[in-house]
Structures are given as C-alpha cells and as structure tokens.
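What TrEMBL says about this one:
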COMPBIAS  676-688  compositional bias 'Polar residues'
DOMAIN    13-106  domain 'Ig-like'
DOMAIN    111-197  domain 'Ig-like'
DOMAIN    216-302  domain 'Ig-like'
DOMAIN    307-391  domain 'Ig-like'
DOMAIN    397-484  domain 'Ig-like'
DOMAIN    488-527  domain 'Ig-like'
DOMAIN    587-685  domain 'Fibronectin type-III'
DOMAIN    690-787  domain 'Fibronectin type-III'
DOMAIN    792-890  domain 'Fibronectin type-III'
DOMAIN    891-986  domain 'Fibronectin type-III'
REGION    668-701  region 'Disordered'
Amino acid sequence: MGCLAESSALQSPVFTKQPGSIVYPVQTVENNREVVFSCEAQGSPPLVYRWKLNATEIIPKAGSHYSLSGGNLRISRLNKDQDAGTYQCLASNSFGTIVSREASLTFAYLENFKTQRRSSVSVREGQGVVLLCGPPPHSGDLIFSWIFNEYPTYVKQDSRRFISQETGNLYIAKVEPSDVGNYTCVVTNTVTKTRVQGPPTPLVLRSDGVMGEYEPKIEVQFPEVVHVAKGSTVKLECFALGNPAPSISWRRVDNVPFPRKVDTRKASGILEIPYFQQEDAGTYECVAENSRGKNMVKGKLSFYAPPHLIEKPQDVQKLIDDSLVWECKATGKPKPSYRWMKNGENMESTERIQVANEVLSISRLTLSDTGMYQCVAGNKHGEVYSNAELRVIAVAPDFSHNQVRSQTLVKVGGDVLIECKPKMSPWGVISWRKGSEPLLETSRVSILESGSLRIWNVTKADAGLYTCLARNQFGVASSTGSVTVKEPTIITTQPATLDVTVGESVVLPCQVSHDPSLELKFTWFFNEQLIHFGNHGGFFEKVGGLKTLCLSHHLLLIYIPSATLCLPISLSLLPAWLYHLSGPPGPPTSIHVEEITDTTASLSWRPGSDNHSPIMAHTIQARTPFSLGWQAVTTVPEVVGGQQLTATVIDLNPWVEYEFRVLASNRVGTGEPSEPSKQARTKSTSPKVTPANVSGGGGSRSELVITWEPVPEELQNGPGFGYVVAFRPHGTTGWMQAAVPSPEASKYVFKNESIQPFSPFHVKVGVYNNEGEGPFGPVTTIYSAEEEPSRAPTRVRAKSLSASEAEVWWKALPWNASRRRVLGYEVSPLYWSRSEREDMASVQRTVGNQTSTVIRGMRGSTTYYVSVRAYNTAGTGPPSATVNVTTKKPPPSQPPIKVMWNASNSKIILNWERVKALENESEVTGYKVLYKKNRHSRPSVMETNTTSVELALPVDEDYIIQIKPFGEGGDGSSSRQITIPKIPGIKSNHFYCHVTCAGTLVQYMRVKFLCASFTATELCKNTVT
C-alpha cells in the first residue's frame, strides 16, 4: 500500500490524476513487458490506495507481478489472458473512499494467416468479382491493402477497384484482361505496426466469352443504422459491380447539402464525415449508376455523445435527523443512466435511503451516513464520476437564530400557536413552563410533535409568560415570550338590506363593542369596493361617534347626531344591498398555471361578477389534444369553494399539453366558463404503462416474432419513448433484451440460427423514455416460428355427391411429429379446362383434426385431381398422392312450366308438365315443391317423383310457391314464383282452376267434374267461361 504526503489541514479525498485506458501491443516474446496505471489524489489524513480488476480487489503479494508506487499500479510480466480487463483506483482516508473512472487494459496483436494456398478465381471479361481477404485472428484496428503479382506493386483504388477497410475484401467492378494475375491481401495492425500477408489468389479469365453490360449491383454497403459518437470521424463505404463500371455518388435524403468538412471521395466509394455533430445525423444515400441503370442503398447516422456532468452534488454538512437530497445531472445521447456510490460501494434503496436515478435522498440522517459519495452517470460511450462529502454533526439546543416570539396577542375565545424551533441535533425533548411552573397538557393545551404550543378557546387566565425548554444529550436551552389576551371586537349593530322608496332617506348604522385598550378603525365598502372618503365627488363621508351612511331621494346623506349633511348622488350608484338583480356568476378571469409537475398543476384565477348572488363553488375543466372536448378534473381540495381562488389539479398525465378553464356556480346556477389558460405541458417522467396484448408467433425459420399494441402517446410520459423487449427460452434464467426505439413500433423479430422450431419462450415487453426505464408487462409464452409439416396425409379418397359437390376424406397425421404441428388440412382440386390449361376450384381448409370436407362450386361432368396437404403457421407440407373424382352430370336446366293449381274446400292440388333433361344433363328423379306463407319466412320443402302434389288450403295467408326438378346432379332450375291467395268460404260444389299460361295466371271456376276433364294445355288454348 502507498500513501501521499501528509497535509497540515484535514481534507477529504480528491483525485488529481486518474488512470486512462491502455492498449498494449503484443510483439514477439519480450522479457520485460510491463504497464503502469497512474492514480494520484489529495487528502489529509494521508491516503491509502487500492485497485480493482473487473470489480475484484487486487492484493499485491511478495513475488506478485502487481506492485504499488504511491497510487500508481505497476503490472509486470504481462499476461494477456489474465491481465486484460477493467481497472479502477480507490483512494481512502478517515473521511471515506472515492473510486476513479474505469480504465481498460487490452492487448493488440495480429496472428499469421493459417492457409498457404487459395484456389484460383475464374471470371469472364467484363464481369465483376470479389476477392476475399479473410484476416487472421487479431485485436486492434487493421489497415488492408492488396499486392498485385509481386511486391511492391499495390492495387490502386479507382472507380473500378475498391478495397473495403471493413472486411479487407478487394472488389473489381468490371474485370479487364490487364487484371489477370495473383492478388495478395496485406493486413497491418495500427497498434503493433505488424504486417502479415495472406496466400496469393490467382485471377484468371474464362475462355467462353465476354460478359455483356448489366446494371450496377451494390456489393459494399453500410448498415441501416450507424451509431456515431460526438466528435468522432465516421466513414461510410459503398461500391458496386457493373458493366460499364458504375459511378458512386452520395447525398442526404433530406437534401441538406454537405458541409465543407465532408469528403465524398466518390471514386473510392467512401463518404467521410470528421468531427461528427448533432446536425450531421440523418439518412444518407449511396447511388451506383451506369448506362444500364442505377441502384441505391440508404442508411441512418445516429448521433451519440458520452456523458458530461452539468450539475454535481456539493459537499454538505447536516444535523442528525435532518434530511439530505443530492441531485446529479449529465448530458449525453443516449440519455445517461445514474448510480450512486458510498465509500466505493454501489448504493441500493432502503427504508431511509432512496436512490432514484439522478437523485439521492436520505431521511433521518445518522452519524453512520457520514462518508464520501459519488454520482456515476453513464451510457454506452462511457461514464463520468463526481464526488461529494457528507458530514453529519451533533449540536446542543440553540435558540440564538430562532427565538420564541416575544409577544403574542390573542382574543378571548380564540386559538393561539406559539412556535418553538430550536436548532439541535439529534432532536431532543421539548417542554414548556408558564411563569415558573411546568405547563401540563389539558383538553385546551397541547404540545405538538414539532415542539410548538397550541391553546384553544383562550381565556383571560391564559395570559402570562411562556418558556420553551429544549434538551438533548449535549445540553439544554430555553426561550421565553408573553401572551396577552384581549376582549373580542364585535359588531353589535350592522347595516341591513333595505328597500328604499324615492324621496326617502336612510341611515346605515355600524356599532361595535371592543376591548377598551384597543383603538378602533372603521372601514366601509360599496359594491365590494373600498370607499375612499373624500373621493366619489364628496358623496360619501364618515362622521360622528355613531358611524353611519344615509341615502335620500337622489341624494346620499350622512346623518350626524347634531346635524345632517346631504350630498347629491345618481340613483344608478345605489349599493347592491339596496337594489337586487340576481343571476348565474360571470366567467372567472386571469386563469394562470402557477406551477406544474408531472401529474399536478396549480391554478389561480380572479373572480367574475357574482351577479348579486354569492359564488358558492368553482369547477375546473381541462382538455388535451387527446381528449374529447372539455373534461372535469380532480382537484385538491376536492370541492373548490366560492371564496377560493386557487386549486391544484391532480391525476394528470405526464408530458401532455393541457388547457384549463374555471366555471363559477351560485344558488341560481353555473355561469359561463372562463377563457382557457395558456397551454402548459406537464413535466416528463419515466413511463408507467406497458403495452397491451403482447403476443406473437409465426414468422420464418429461426425467428421469434413478438407483437404488442403500442402505448398511446398520452401515456408515454415523455420524449424518447421506446420499448424494451425481453425474452428467454423456457427453462433458462437469464433474459435477452433488445431496445425498440420507435413509439409506434408494434413488432420485434429476433432471428438466430440456434432457435429450434416451435420452441416456447418467456416474453415480456417494457417501456422507457428519456427520463428512464418503466416497468415490464406480465410474462407471456410465445412460440418461435415452426417448420411446415414434413409429411403428407395418406389414404386420400374422393366421391362425387352432385354436379357441383364432392366429398374428400383422408387419414390424419400425428400432431407431435418433430415439433411440426398440424393445424389443419388444405384440399386442392385441380382440373383441365377447355383451353387445355390447369385451373383450380376453390381451395378448402379444415381446422384441427377434421379428416373430411365437402368441396363445393365444382363444374359438372368434370374430372378433378385432388390432393391434400397439412398446414400450420409456417405454411403447407408436401401434397398427398393425387386422387381423381368426376362430378356428375349437371342437373336439368329447364324449369317446370304450365304450373296449374286447383282449390277445393280443404286442399290445393298443384300440377305441372314433366321436365325432360337434355343429353348432357342428369335424369330427373323427382321434384321439390318449395312453399311458404310470406316472403320472409323459411320455405317448407315437399319432394315427389310425380308431377302433382296436394297442399293444405291457404286460409290465413297467401302461399308463395316454386317447383324445381332434381336428379343425381343436384337441384335444377326453379319455376317462376307463383302466389296462391288465401281463399276464405269456398262453396262445396265448386272448384277453382288456376293455370299459368305464358307467365300469366288465369283463374276459372267450374264444377268439379268439368275442371278435372281439362288438361293444362287445353285450358291455355281455350277460354272457358
């Protein structure tokens, strides 16, 4: 251990030099390889230093390759496997411990290429080619170059040749005969300065012709999103193969011109932006173009900055039982996160200690809280540390800065509070004396927890001297004050509301009783406005021992015991208590948002006119861009009284713009609302609401698809809103996480070749914004993408049911075959049309383990070739063996004609002509009679194999009837719809004959035997009367 020189004054530790990161070049075997990390600090008593490697304390021992010199750490006989990592220096004395920033030790090296030979690459003239470098294992930045044939002939980059400094590969946009030869990749480590050469790659021309011209094909492209740190230099690579050799150009998608510092170097396909700043962020586009066309790629440059402290905690001295709040703020992008340390150890929240991101608060301080504290702000680009010392001290009671009030005046029957606020630490015991006697608590006298004294319903006996005594283990102190009790001032005669008749005068008395030791002052108001006597044209005066105002006909008079003085005044100036006209209150005015937090807003306003009826209550309303008009809000107090002109609105949403308005109410009603306040945005805070309906599944092989409903904007609580997707395979403990920075995003896809098909994952989705991370939603189970079924159904059979339907059935597959679920089956019927091409009828899908289905909508007299596949979310499996099925002949196309009906007392007899099927139609095997009693009811069906049927007589409602033939091909065409009217009260010796002739219904009434002797054809040909 090492120590700094002693200082004469006591001082807590402060770093003067902190360690920096080291990259050590690994050369060939060295005997004395060592590094030194620097660390210096000031402090008294002298400092003791310690070091940590990867959060584990280093303990130097005799013979160890670690040693301390002052605060510096020397590491000799370096071993890259043991010594690489993150180092921190700790400096301690009696005030506490501070920790330095992190410093890394890494080793730069470059191994040799493993292979000695590479296969030749054969291309046509005019064709593009990529020669792979494949650098050997290494650490540290590399530079790539290529030797053509022999050293020192290097490949020169131009519009036709490009060397990627990302991969090391050589790209030739269009091969020419002069390019034939051997190419060797040369790799140089910028730290170690070592250089290795790969095996040569022969490039030869093929003899089967020259490659024709073709449009650019971009082979070198930059990522979709590139995160760039502030002040760094970014290089984007873009190169394309093509014939002719493409040209490369760059632009910003938003058409902002490049500043002078940007080097596009179009010929070499590199866009270089030095000293990257916020304004350089945006979407960039590379365009590769030749005479055959053009292609383009886009990528986004995202600005990042390491943390920079703008507000640091300061050294502070506090009393025991006091509270501490320290705030630490830093800029940076992404927004820094914070942690707090005490004496070199990370702090966690407890009952007294709250570690809330950038704020540290400690309540009820104790001596053990004394020490060195550090705020650490960090993001992906680094961390910054700030130090502060907390000293907790003990103090005997002291009233020198806050004595008891020397005199307190109170009226008989009133209440009084005498405050006692000594300075002492820790807080001790408070007691009171009245005169020389201890003061005992009663139902009227109480010593509050704060030490103050409260007396209710004061009497004359309560007057006297009161002494507060404060005591703790370090001492005693006291402070004294007096209480004086007076009689209350009471108005014994007061003005009343009067009705005044023109020509009369009136006196307004105001008489009081009071303590004789007090001097009185009278004040009058007119329409709630203070009367300034001597103004108003001299209309108002205050005179005499009895204070009065008087009113006469067009005159305001002031009566004095010995004389009367009358001055003229307009009747329009009559006070409100003389002339009443009541209505709802006018709108309040001057609505102001005095203070606003993340969920509350403090409002103030001025009252409008009460319109001669006192205002009893106020109502506050708010609206936002997301609300439907004005909405009532919750306030503190819950009921805002008529005399109250301030209120606090609670339960607001953070980071939302609000407008507020106020309405006043009296006994008459609620008045018009005030004008809206200026828009005010609540402060941001970390989000609280998580996405709903987290689900997913499906996708492509080796994918886990996670979906959710985005959180509405009004619930995002601040800018920079995004989602944190956490997932893990079932049976594991560690979570994998991914940030989705778009607030509108509703999907995340994780792809990894190691994911097994249809594997269960635990998934939860959380939220964050610029203020910090919010909660995660509940954990749900989502399955990774599955593979389509690998087996085909067997035993497929098919049978024709009619000209348009066929039934297909098959044997089901097992559901647990190698994680390849079967969600159902897909039946595909194919046929050959007259144009000799393959057509498909509608595909049928079944669900679950259903193993048969009926295919509908088929063509009659057609042979179909049917196959069945199993399916799941990944797609369909292989088809089964094909079976064929030929549909039956189509049903008869001709409808029944010459439909006739006869009515008797109890029944209807229907007759029609037999339908003859055409040669390509299925034979008629019967007829279906469809009849119903109104147009909206379902029809009843009667089947017959003859050309007549009997129906019950329609007595209550009309019959609506259709007739159609059917055969094995299905149902044929229907006859035209006919209506048989209800026939009430038919004579028993008559019969009605009806026949449809050429679409016209003709009715005859004949005796029964005559009607039966005519056929439908004869009835249509002859008119029978």
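Glycine too: its Cβ is placed from the backbone N, Cα and C atoms.
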Tertiary contacts of the region 'Disordered' (668-701), as residues 6+ beyond its ends and Cβ separation under 8 Å: 357, 582-589, 591-593, 596-599, 601, 603, 605, 608, 611, 613, 619, 621, 623, 630, 652-662, 707-711, 715-719, 721, 723, 747, 749, 751, 757, 763-778, 780, 782-785, 787, 873-874
Residue counts (helix, strand, coil, in that order) that DSSP gives for the compositional bias 'Polar residues' (676-688): 0 helix, 2 strand, 11 coil
DSSP-derived helix, strand and coil totals, residue by residue, for the domain 'Ig-like' (111-197): 3 helix, 36 strand, 48 coil
Overall pLDDT for the domain 'Fibronectin type-III' (891-986), taken as the rounded mean: 81
